[in-house]
Amino acid sequence: MSAHQQGTELDLSWISKIQVNKPAVLRRAEQIQARRPVKKEWQAAWLLKAVTCIDLTTLSGDDTASNIQRLCYKAKYPIREDLLKALNMHDKGITTAAVCVYPARVCDAVRALKAAGCDIPVASVATGFPAAQTHLKTRLEEIRLAVEDGATEIDVVINRTLVLTGQWKALYDEIRQFRKACGEAHLKTILATGELGSLTNVYKASMIAMMAGSDFIKTSTGKETVNATFPVAIVMLRAIRDFFWKTGNKVGFKPAGGIRSAKDSLVWLSLIKEELGDEWMKPELFRIGASTLLADIERQIYHHVTGRYAAYHDLPMS
């Protein structure tokens, strides 16, 4: 990942008069979803690009060392080698961007990747994920422990109460403390947009998170009733663009929650390309948080190469 985004001093004038035009956002969301996705060879290339941007995730109560090991193996070998050879991509080092786990499973992931001779980053959720309803000291200590165990990316989740009650300085101060606790680890800030009440709040929370030094802003925990949606994404991407114009600092974007199909990933890539440009279409600035997306991408690539859809036994690790 690129160098840390240092953030700025808190400037509430950047958000004080913001009002999001919801009808315009909804029209833009409908437009992007109505586009025809890329086809044939271009589609295979875009799907492989999507693979390299996935944070391959497991966040289940029954996670164990063994399924973390399988997750890490799949992260290193996301697409069957014969399929990559057919596309002349077998020597390109294609892996997922990272694996993402609970703090208690960080050591398992670090060990598994080390045993595989792989330097894929380990991301850990933190700060009382998914609700953030724990004491601040506890949330900060959780970050420090995850980093100590080997996580190099930390996906924190904000206290939604601070957004819903307009406590923007308190939100900024908390995220600044998260930034400090991360040390050299990169900070991804989950806004849990499905619980923020309005698109205007989504924009304001995005801007505060970036001012406070977030390297990425992320839509959702994946545990909310409403997760990554295109209207929310458009608002967050416009905030990223505005922040870049104001500061020259590039902040990454990570949608997460409910992204399951290869077609979904193509639409997300198209949205990034149109809203932020080609420079953001790389894992340093774009991630997709997903558990099952990779399996469908591999099935679509299998179909592209062989002309038929895979049976269950054809892709046993998917």
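Glycine residues also receive a Cβ, built from the backbone N, Cα and C atoms like all the rest.
Annotation comment: Swiss-Prot describes Asp155 (among others) as active site, proton donor/acceptor. Cβ neighbour count for Asp155 (active site, proton donor/acceptor) (all protein chains, 10 Å cutoff from its Cβ): 29.
According to DSSP, Lys218 (active site, schiff-base intermediate with acetaldehyde) sits within a strand segment. All protein chains shown were included, and the count of other CB atoms within 10 Å of the CB of Lys218 (active site, schiff-base intermediate with acetaldehyde) stands at 28. The active site, schiff-base intermediate with acetaldehyde annotation in Swiss-Prot covers Lys218, and the record cites similarity to another entry as its basis.
In the three-state DSSP classification, Lys254 (active site, proton donor/acceptor) falls within a strand. If you look up Swiss-Prot, you'll see Lys254 (among others) marked as active site, proton donor/acceptor, on the strength of similarity to another entry.
For Lys254 (active site, proton donor/acceptor), applying a Cβ distance below 8 Å and a minimum sequence separation of six or more within one chain yields Asp55, Lys188, Phe216, Ile217, Lys218, Thr219, Phe286, Arg287, Ile288, Gly289.
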